[in-house]
Amino acid sequence: MRVRSSVFACFCLVLEVLGIALFLRGFFPVPIKSSFSSKSKLSDLPPEPFTGSSLNSSKVPDPLFKRVVIVLIDALREDFVFGPNGRMYMPYIRHLVERGSTHSFVAKARPPTVTMPRIKALTTGSIPGFIDVVMNLNSPALLEDNLIWQAKTAGKRMVFYGDDTWVKLFPKHFMEYDGTTSFFVSDYTEVDNNVTRHLDSTLKRDDWDILILHYLGLDHIGHISGPHSSLIQPKLMEMDDILKKIHGSLILKEAEGALPYLLVLCGDHGMSETGSHGGSSEHEVNTPLVLISPAFKKKVGMEKPSTVEQVDLTPTLALGLGLPISQNSVGRLIQPVVEEASLRDQLRFLHLNGHQLSYLLKDSMPAYEKEEGYEQFRVAEKSHGNWVKLVVEGNTSEVLTNMGKKVFKQYLEALRAMSAALSKQLGKYDMYSMVVGMVLVFQLLLLLLLAMPEALSSASEVDLPVSSALLSLPFYLLCLLLSSVHVLVCTSAESSCYFCSLSWGLVFGAVALSSALLCILVSMAARRRAKPPGKSPSHGGVSGGWSLSELDILLLVGTAGHTLSLSASSFVEEEHQVWYFLLNTLCLVVFQDVCRKYFRERRANIGRLEDEDYLLPSNEGDAVASPLADLGVTDAGSERWLALATPPLTLACCRLLRSLNQTGVQWAHLPDLGHWLNSLEHKMVLSLFAALSLALIYFLVQRRCSWVSKIALALGLLGVYSYRAAVGNVVFPWQHGGGNMSKGTVEARFVYVFVLGILFTGSKDLLRSQVITADARLKSRGLWEIYSGVVLLVALLFRAHNLPVLCCCLLVQTLMAQFIWKKLHYDAAQTTIMHYWFGQTFFYFQGNSNSIATVDISVGFVGLESYVEAPAFFLTALSTYAGPLLWAAHLVCYLSSEKRSSVAVGHGCYCLALLRSVPAAAYVVLVTALRYHLFIWSVFSPKLLYESMHTLLTAAICLFFTTMEQSRSSSRP
Amino acid sequence: MWDQEIRQMASSHAIMASGVFMATVVPAVLVPGFSVYGTHLLWLYSVAGAVAVVNITLFWLLGVSSPTKKHTITYKVSRLVRSCLYLLLSCLFFHTVVILYGAPLLETALETFSLAVLLTSLTTLRCVCVLGPNVQAWIRVFSRHGAMSVWDTSLQMVVGCSVVGAWLGAFPIPLDWDRPWQVWPVSCSLGAVIGYLTGLVAAPAWIHWHRKHLTYKIK
Ligand SMILES: [Zn+2]
Ligand SMILES: [Zn+2]
């Protein structure tokens, strides 16, 4: 079966995406959940251990606190309270920490340090799976057993004000609530005032038991200007005042004889030195936890707060309120909180906590009995029983106290061990699904590689021996073998695999596909071996034959080197450095090529060139017909100088853009131009920059559009500016009183209209060129219009300080296309690799990195009133991958421009698919090999998500390529 | 046919390599507290100086450089001035390139410039010695099939190896190992010097190996 190389590439890439999806499903462990669908009930609680016959009191210990107020300050970092600046930032709380009746801890949040997983962790006590990050914005109701549900079931009346993630997670749980959206990241006063405005009336009333406040302002300040900004201190002082007010009113309300109150101050996660969060650096992970209650002993001075896990708060609160601990909690009781209770009660608390942990352990681990913690717990329970018996018998000797202390220690030890075992359990992988996905990806990569000579030949067609493979005996044998392996694995494995749970039809499809691929691979390899390697190689380059030019060597070595570099965590964190480095070298090598061409030519003109065999194809014909005319350049001499100036100019652009957004991990905290531009006093400069960039974007894009699109583009770009002005990023000349900030919905929708209009015009031209007239010029204009529509959309989504990135991207594309790629006669493969490299580099120029924290989710709301999943996801993906997307779009436009040979698009598509498959396949293997690496969750997993997303995007681009080529071949009768 | 020339080249390369070696060892004996990492700039300049002195003397003695037609004093002086100018320009060129690669613009300007000086002494200086201050000849040698003698070929290889060495030397910088050689510009200058030494060894060996296939156009 002969297929065109673009179709072939598409087919491989789409299947590869499926393979990667299967791998991802196996790689990201589903968080441990006990199999019981019910929730913990009071009646299920175990009785107090007692050796002997009767007197089993199944009574739950009384609650320790009557009312609980939880003040959660988003992104509250540990050193904001406990650090040297704490006294300045939060004087009242700091005073309480040092002198009041409080307990303070550093609570460690588990990565991913993103708000929703943290809220889930705080309420369920379990550690949410990594995949929860992806669902961060779309938060469906929490069905798992959790503290809030328990409190509601126990009849506690709860009031909530703050981030509406809570309201979505716990619908109908709160007696009274007001959710604020965190959607408007540049607002840091209004969100908090919306919470505080209810406070006075609520504090006066008596009809609630639990009050939860979630303040978002600090997090927004962090995102805007980082942890050292001047906005931090006023915000923290505001928080301090609020806490003082709450504390004061709680003290006033306190009645003699009744149970005491508990005031909890905590943070969901910290913030990094750049003000973002999501990763696992010390500053993101360490949050303060301050518990204030008259039940505690008064402190006499500042002590170094001890460290607990964030999930430990859940069982502590549950026991403190007399509620059952939620089933999936892996936390353990924070012991100092209960230290004022009687020894018998303390033991009882520890026993309840241990009982819940041992149940979870039993449920999630087949070999639970061999666990150290489980055994310890059994021993402790037994001695606890003995101790209770002695107490009940009225024994009050010294020995009894010592024995009780021993039991106490045993319990603590057992809790620690069980909690650790459960946390470790999280790192369990579904190896079978992973291996199946990996095998599929690798088969496709090999197929792509084996087909390289054919796919890049002048026919641009691949001969796949499909029918012979499907009719051969080995294919059926392989199917049988793989099916039996599947049955064997699925019946023997004790843990559940995703692949086994798939329906039989799907599994058989995968098995048949895999066997067919194997047969095709083998027969293709045999054919390759049989055929003498007579054809010229793909990367023959300009000189032809087997010799590789410096450029080819660089492109090959660079691609291989980058793939290898992914195996080191530092290189994954600092991947942008690798790309900047490679791109610089590429520009220098191109510069050398240009120099060589033009200087050698001059020598030739003078007539001193000896070897006539080395003469590049002369460019006299090109110079006249080239599109230089529209830049006003017709003279060959000035053209040469422009060509010579292009690589240095590109280098200068890259150097500038690189200092626009500091990214990565090690040097991310260094000051960059982006922060400088975004600070309030440089708003004027930012506005000028943005306006200038938009003007230049218009100038660069409008050249090849029809006049309708030109007008639409101009209006659209004006709309972009007014949107930025409406949001408050830039100043608008006719705007007075900059106080009123809106969401800019109207302006954004205005731009959307033009984007859709331009895209529509473009597609109409494309369709007409395909169906009615086979006009290459019309088609190229249609493509260009689609491209300019994408540019306009990206201009809307990019932050104001990133507009120069877009502008430089277009500038470099224009210059390179006109003076380098066309003039130096690079073939489609070389051009594609260069485009790919540029795309990758621009991905990082935008300020992206390989950590989840840099994904700018606020673009998901541009022009929308509220969160709608599909457009939000689409917009976020588009703006994150704008760099690679724009370069790929430019590649399509460039390769299908009139003068290219008709196979160029096919070659480009194939190269793009291969370029994406190599790192993706290598990375899948690497991640599997490094799955027990220390940084697997913080460094390698986010990168895996990025790689998968990028592969998905490339598959979409390749599909577009294929349709482009299809229309070309069909238009050629 | 070129056996004698190859032998000459091998011995001169051996002298150059020992020059680098001496530039590392001698200051270590004479200067207290000298180390390649600790007092890196000192080492860098000592190597650059040694390479410069050895190159100039050797090529002057060997007379490889294209014979000058004129022997007037003014011509020689102008050649010398032009050579110095080219060396300075090459330092600035390397400095710019290193900054384009991402070196900080101002904070480490001295270190960056020192690296540029080292690279100049390893590459441009040899060009000046072999080809004279003649940009046309440089462009010829560094274009494809441009070598006209064994010295041109060796020049290509040594320069290429030094630059590639410096290029590869930049790779360990992002690693978070906190080693003394990850400080800017230690790894790059070490890479350049190692590349230079490799080039010195590789050039005669490669020419010897390929002497059957090498053909040079007669000037
Ligand atoms: Zn948060
Ligand atoms: Zn945040």
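Cβ from N, Cα, C; glycine included.
Noted in TrEMBL for the protein shown:
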TRANSMEM  A:431-452  transmembrane segment
TRANSMEM  A:464-489  transmembrane segment
TRANSMEM  A:501-526  transmembrane segment
DOMAIN    A:644-952  domain 'GPI ethanolamine phosphate transferase 2 C-terminal'
TRANSMEM  A:684-701  transmembrane segment
TRANSMEM  A:707-732  transmembrane segment
TRANSMEM  A:744-762  transmembrane segment
TRANSMEM  A:872-897  transmembrane segment
TRANSMEM  A:909-932  transmembrane segment
TRANSMEM  A:944-964  transmembrane segment
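Between the transmembrane segment (A:501-526) and the transmembrane segment (A:909-932), fewer than three CB pairs separated by 6 or more residues in sequence fall under 8 Å, so the two stretches do not touch.
Using a cut-off of 8 Å between Cβ atoms, the transmembrane segment (A:872-897) and the transmembrane segment (A:707-732) share fewer than three residue pairs, counting only pairs 6 or more apart in sequence. Take the transmembrane segment (A:707-732) and the stretches A:464-489, A:744-762, A:944-964: counting Cβ pairs under 8 Å, A:744-762 has the most. Under the criterion of 3 or more C-beta pairs below 8 Å, with sequence separation of 6 or more, the transmembrane segment (A:909-932) and the transmembrane segment (A:464-489) do not qualify as touching, having fewer than 3 such pairs. Looking at the domain 'GPI ethanolamine phosphate transferase 2 C-terminal' (A:644-952) alone, the prediction's average pLDDT is 85.
Long-range contacts of the transmembrane segment (A:944-964) within its own chain (CB-CB distance under 8 A, at least 6 residues past either end) are made by residues 4, 6-7, 9-10, 13-14, 16-17, 20-21, 24, 27, 134, 783, 850, 852, 877, 880-881, 884-885, 888-889, 892, 896, 905, 908-909, 912-913, 916-917, 919-920, 923-924, 927.
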